[in-house]
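Peer 1: One structure, pasted below without further comment.
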Amino acid sequence: MAYFGRRLQTIFLLLIIFVVVWLPCVSTSVISSEGTCSSDGMEQDCDYKGVNDSYSSETPEDDTDTDDDDERTLTITHKDGNNKETVTIELGDDLLHRIHLALQESGVLSDDKERIQQIAMEEVHKWHAEEQDNEKLRWQHQQSKQQQQLLEQTDFPYTLQPPPPPVKGEYSLKFVQQEWSPPGGHRYAEYATGQSPYFLTSELKKQSDDIARLRRPYIKRAMEHAWKGYVDHAFGADEVRPQSKQGTNHWGGISVTLVDSLDTLLLMNMTQEFRHARDYVQHELSHDQNRKVSVFETTIRSLGGLLSAYDWSRDAVFLEEAMDLARRLMRAFEHPVAGETILPFGEVNLQSGSCNMIPWAGGNAILSEFGTLQIEFRYLDEIMRTRETRRFRDKVETIFELLHEMSPDNGLFPYYMKTDHTTDQTAPKELGRSSSNRLKKKKKANNDPQNKPFFTNDHLTFGAMADSFYEYMLKIWLQGGKTEPMYRDMYDKAMQGMHDELLHVSTPSGLTYLADQVGGGNNKRKRIHHKMDHLCCFVGGMLALGAYTDPLGLESPRAQRDLETAKALTYTCYQMYARMNTGISPEYVEFSAGEDFKIGKGAPHYLLRPETVESMYILNVLTGDPIYREWGWEIFQSIEKYCRTHVAYGSLKNVQEETSNPRDDMESFFLAETLKYLYLLNDPDSKIDILNKHVFNTEAHPMRIFPVIEQDLKEDARQK
């Protein structure tokens, strides 16, 4: 520990010289071509290598290509009378960048050298404190391993390894490219059944927390890389193309990546970047686009992103834009002939309001789409509390009331529904809070029972087309403070049906998985498709959250069953990653007797999906088991190694090909969900409380639950 203290003191003294003597020259861009700086009547000869004439916040386009030996150095010769002293300092991008941002944010004038030095010194102090904290954590990690046998005994057999230390204060990810090789699957087999195989001591959990804090900056570094690529090459566009370095607007031209990333920037303390994005939302973002958008995707990504940004910042700019977008999306509930409908159309033109069903769905409405609008519009009404937002809320809640009435015996819903829009379906615009009255009046307005929505297939799945509908059964109940039993009843019934109908175990490894089922109704033969989508991997987190909030109690047989299944499914999802050459999961896998699973036909690709790390995050928060952080860290390193491009990250064409380049696309959910969940998985200091204060929408946008909003409103009123 003494060694670390001496090394840091030396670095600190060198940095003071750098800040006091050289930074004013840099800040005012007055380094001469001969390398001489002038300050306060004294002369310093500044010879430099790798340092630009005027400092720029730009970082190398791809730091993985930078040679370790090509270090930036600054040699300062300080002259005072006949005395001369020369000091050489090695400079890291992180420290230079943070000083530059601090100077920009302060608005200091270029000739105010005293203030410039003061600000720079403050940043050096902060950097020094962070370095001390990190070194202390590493020292504590070493000490805890030695003390563990003396303090508490755990049978946890795995060593928790911290990442490499930063180099000159810079959290470079080059070590992943140089050192990481996916270790392969079939490991940690004791977790396959969903049991808790080891006794987890408080000391073990503390050790995991300390290592997580050391990993956290590296995940933030990945977000900084992806965000910089978006800002440099596609700022304001829907997405950046990570290979061709240009923007694309296939989500309607409403800055989807920017809005989807707002709360990620906040949660990772990327304050400068958040303010830049916030200003764009205020001054340039426009939803008045003459283009059709997906009602579902725009709700969860854009509306959810704006609402979460408001919830965490309380900045009215986001709420104003959310209201504008909500009004445009609500026109999807208006049929051009029949009037107001129960189920929304899948697409709506944000400018004209014209709408239609999604073309490839055969005129059907999709369960996961109309069943995943409620968290967002309910939150908007809870904040705004106007007649208009109450009407929005009624529309989306009526969908669940209809489905509750139509609920099959096993609680599982086919994913296609259709409504005959040939006659008037206009229902009275009830603003009351009686859900049963709302639905009755809609029915009364429609005397023809054939015009009631009906199922058009018999396909049961927890993957694509249905997934987030089941997620919202639980989360709506949590959002409302557990006061609306209909949603929890639907959830518990569906989870029973899932266990009875869709849950299977592979051979020879005993991997738990969720199959699809087709048929079984109206005397049709039941067929099981033994496949599981990566999308299904959210179920582990959902089941764990449901178990810990079960009205019967966590120790009840039902909750224990669900928690065991949650752990078993998440282990299977981890194996979907670990058994691939790149350590990254394909889009879906197919199970067969005697060989567990193989890549699904036509599905070797990876779209930067978040569901597996989402479940690992939730299970780690709830159980404290450090194994989920270890698995998540493996996944992060594989993504960093195989998906990184010069400017961002790209999807993979084939997860078995280790030498192929990433594709030219990066979904907004990679920043909104995948990197966010990886960061939160390694953030034991997060303010998010998934049991008592917050609920995530299906795009990983966390918002306060209603009792917390009510409490905050009362507190605000008292302070006024």
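Even glycines carry a Cβ here, placed using N, Cα and C.
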Peer 1: For CYS537, what is the disulfide-bonded cysteine listed in TrEMBL, choosing from CYS573, CYS643?
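Peer 2: Between CYS537 and one of CYS573, CYS643, TrEMBL records a disulfide, namely with CYS573.
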Peer 1: For GLU611 (active site), which residues of its chain lie six or more apart in sequence with Cβ-Cβ distance below 8 Å?
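Peer 2: HIS534, LEU535, CYS536, CYS537, PHE538, CYS573 - these are the non-local Cβ neighbours of GLU611 (active site), listed in sequence order.
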Peer 1: Relative to the Cβ position of GLU297 (active site, proton donor), how many further Cβ atoms are located within 10 Å?
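Peer 2: Taking all protein chains shown, GLU297 (active site, proton donor) has 19 Cβ neighbours within 10 Å.
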Peer 1: Whole-number answer please: how many Å between the C-alpha atoms of GLU297 (active site, proton donor) and THR698 (Ca(2+) binding site)?
Peer 2: 10
Peer 1: Return the residues near ASP467 (active site), defined as same-chain residues 6+ apart in sequence whose C-beta is under 8 angstroms from its C-beta, sorted by sequence, else 'none'.
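Peer 2: SER368, THR461, ASP533, LEU535, CYS536, PHE538 - these are the non-local Cβ neighbours of ASP467 (active site), listed in sequence order.
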Peer 1: Expressed to the nearest Å, what is the distance separating GLU587 (active site, proton donor) and THR698 (Ca(2+) binding site) at their Cα atoms?
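Peer 2: Checking the Cα atoms of GLU587 (active site, proton donor) and THR698 (Ca(2+) binding site) gives a distance of 18 Å.
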